[in-house]
Amino acid sequence: MNAMLHTIEVAGIIAFASSGFIEARRKRMDIVGVFTVAFITAFGGGTLRDLLLDRRPLFWVENQQYPILVFVLALIAMPFLRHLRHAVTESVLEWADALGLGLFSVTGTSLALEAEMPVFICAMMGVITGIFGGVLRDVICNEIPLVFRRSQLYATCAFSGCWVFLFLNWLQASEALSLLAGICTTFALRILAIRFDWKLPA
Amino acid sequence: MNAMLHTIEVAGIIAFASSGFIEARRKRMDIVGVFTVAFITAFGGGTLRDLLLDRRPLFWVENQQYPILVFVLALIAMPFLRHLRHAVTESVLEWADALGLGLFSVTGTSLALEAEMPVFICAMMGVITGIFGGVLRDVICNEIPLVFRRSQLYATCAFSGCWVFLFLNWLQASEALSLLAGICTTFALRILAIRFDWKLPA
Amino acid sequence: MNAMLHTIEVAGIIAFASSGFIEARRKRMDIVGVFTVAFITAFGGGTLRDLLLDRRPLFWVENQQYPILVFVLALIAMPFLRHLRHAVTESVLEWADALGLGLFSVTGTSLALEAEMPVFICAMMGVITGIFGGVLRDVICNEIPLVFRRSQLYATCAFSGCWVFLFLNWLQASEALSLLAGICTTFALRILAIRFDWKLPA
């Protein structure tokens with residue numbers, strides 16, 4: 001279980017960092033900009049969650065290998081970035097991003113629950129953990145955040161997955177089962193939303 | 001006194017959230033975007049204050065009903081939002097916003113004083129609490145923050161009200177009197193600034 | 001040594017605040033906007049560092065004279081701001097900014113080391129301390145942050161200086177020597193980058 005979570009986490013970080021790479025490149029930033037935007041995209045949500053819950057050390061300080069991973073990726077990827085959009089197909093990125101969204105959201109909710117937050121707050125902390133990296137990426141790149149624009153369900157998938165986790169937890173299901181169900185719900189909803197172009201009313 | 005403060009606080013949250021609704025709608029966001037922007041507008045200032053003063057639990061975690069209120073408002077208001085600008089007259093919003101500004105600023109100063117901050121810092125914490133939600137709203141909606149643009153006095157009203165509170169407190173007036181005087185000063189100055197179009201030199 | 005550091009710190013604050021003044025004026029903000037943007041530019045990086053490291057009181061709360069200094073500067077400078085760009089030559093600003101960058105970055109790294117962060121994190125905390133004020137200034141002024149755009153080396157200088165400090169510290173050189181070497185490296189690299197137009201590949 002733990003090894004699986006760890007693998008998904010690394011996949012999520014790589015997916016989020018990649019979306020940062022691509023966005024930063026589109027804005028013609030240099031390598032420092034590319035690395036910083038990737039870093040903020042991958043770790044922004046978890047950092048805000050840790051600040052709000054007053055958790056120390058921050059998760060990327062505890063796992064120093066994560067920022068180093070992003071740093072090395074930025075160094076390696078830089079020469080290829082011009083071609084990255086073509087090399088990595090859009091749908092690979094979307095799947096990894098959906099996985100990362102599920103994992104970050106549901107573990108965010110789980111950490112908030114551990115910190116004994118009230119239940120509605122737990123769901124919100126999950127969504128914040130999942131989406132805030134992307135919000136910061138877009139704010140820094142001077143765009144209206146993608147998750148707020150009218151497009152296929154995104155935050156809603158995370159919100160649903162967090163409630164599935166909270167519901168199973170309340171039924172006293174095992175931690176592993178609840179986490180897995182929440183992550184799968186988020187992931188499946190997001191993939192379906194992209195596939196069938198589900199949108200919220202505006 | 002406490003019941004009155006509570007009522008003003010709810011009025012302030014509704015006013016700040018409404019400005020978030022309206023701004024988010026203008027940018028064509030979907031309901032998740034509308035809720036999130038409203039949430040950030042209503043709670044952003046107080047959250048930053050709590051982070052800077054290291055206060056936990058955060059005020060919207062302690063009062064779980066506040067975020068739920070904004071969530072329910074977003075659900076209810078969504079179908080009407082297209083018409084909200086006409087239904088709610090501009091001046092009702094301005095009065096509620098001025099009330100919220102006064103309340104948030106002066107209570108922010110009071111909390112900073114409790115945390116034994118130096119006096120100039122207390123005044124600044126008050127202003128931060130009062131204006132930062134609107135700043136975040138505008139940054140996310142990709143605008144230069146309204147309070148920084150040249151327009152009718154806004155932050156200045158909050159700043160003045162905070163100093164009135166601090167001055168009365170220094171004279172050892174009762175807490176209730178000081179709070180009330182500070183809130184009224186901010187409120188009155190803001191209403192007058194709108195009425196007579198007072199602006200700062202640029 | 002301490003007096004020298006203090007002098008550099010005040011020079012750095014004035015330099016960072018001035019860049020905030022100028023940027024805010026260019027966006028036609030009023031005096032409250034000008035003060036706030038200057039404040040955020042000068043103290044944003046250190047504040048984020050203090051939040052991430054959970055250090056309290058914040059450095060500008062501990063040194064109340066710093067925000068007061070910026071406040072007074074804003075009051076005095078306001079009438080002259082229209083002419084400030086001509087009065088203060090560009091290169092004076094650049095030298096002060098480079099000094100501030102060196103000082104803020106290297107002391108940031110030193111504080112992270114004191115808080116027993118792992119070494120790569122220490123270097124990142126230094127860079128965050130040095131550059132984040134400017135990032136916030138540009139985000140608020142609705143620009144893509146200057147340090148991320150392709151221009152002469154900036155964050156890279158800070159990053160290098162932080163590693164010089166960490167390396168000397170690891171060799172058990174005295175605190176004063178390590179700090180000085182780190183600051184001078186950052187400062188010299190930045191001045192050279194401007195002089196010879198060094199850029200990173202994009």
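Any Cβ shown, glycine's included, is placed from N, Cα and C.
What TrEMBL says about a protein is an automatic prediction, not a curated fact.
Below 8 angstroms of C-beta separation, residues 33-34, 36-43, 66, 69-70, 73-74, 77, 81, 84-85, 88, 93, 96-97, 99-101, 103-104, 133-134, 137-138, 141, 183 of the same chain, each at least six residues beyond the ends of the transmembrane segment (A:6-24), sit close to that stretch. Annotation comment: TrEMBL describes A:6-24 (among others) as transmembrane segment.
Taken from TrEMBL, the feature domain 'Glycine transporter' covers A:8-79 (among others).
Away from its own ends, the transmembrane segment (A:31-52) comes close to residues 13, 16-21, 23-25, 58-60, 66-67, 70-71, 73-75, 78, 81, 104, 108, 111-112, 125, 128-137, 140-141 of its chain (Cβ-Cβ under 8 Å, at least six residues beyond either end). Marked as transmembrane segment by TrEMBL: A:31-52 (among others).
Summarising the annotation, TrEMBL assigns transmembrane segment to A:64-81 (among others).
Taken from TrEMBL, the feature transmembrane segment applies to A:93-112 (among others). Same-chain residues lying 6+ beyond the ends of the transmembrane segment (A:93-112) with a Cβ under 8 Å from its Cβ atoms: 5, 8-9, 11-16, 18-19, 45-46, 49, 53, 55, 121-123, 125-131, 133, 154, 157-158, 161-162, 165-166, 175, 178-179, 182-187, 190-191, 194.
As annotated by TrEMBL, domain 'Glycine transporter' applies to A:95-169 (among others).
What TrEMBL lists as transmembrane segment is A:118-140 (among others). Within the chain carrying the transmembrane segment (A:118-140), a Cβ under 8 angstroms from the stretch's Cβ atoms is held by residues 16, 19-20, 23, 37, 40-46, 48-49, 52-53, 101-102, 104-109, 111-112, 146-148, 154-155, 158-159, 161-163, 165-166, 186, all 6 or more beyond its ends.
Per TrEMBL, transmembrane segment is recorded for A:152-171 (among others).
The transmembrane segment annotation in TrEMBL covers A:177-196 (among others).
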Fill in the blank from the handout: Near the transmembrane segment (A:152-171) in space but 6 or more residues beyond its ends, with Cβ under 8 Å, are 98, 101-102, 105-106, 108-110, 113, 119, 122-123, 126-127, 130-131, 146, 177-179, 181-187, 189-190, 193-194, 197-200
Practice task
Taking helix as H, G and I and strand as E and B in DSSP, count the residues of the domain 'Glycine transporter' (A:95-169) in helix, strand and coil.
Solution key: 60 helix, 2 strand, 13 coil
Fill in the blank from the handout: On the domain 'Glycine transporter' (A:95-169), the mean of the pLDDT values is 90
Fill in the blank from the handout: Residues in the domain 'Glycine transporter' (A:8-79) per DSSP class, helix first, strand next, coil last, are 61 helix, 1 strand, 10 coil
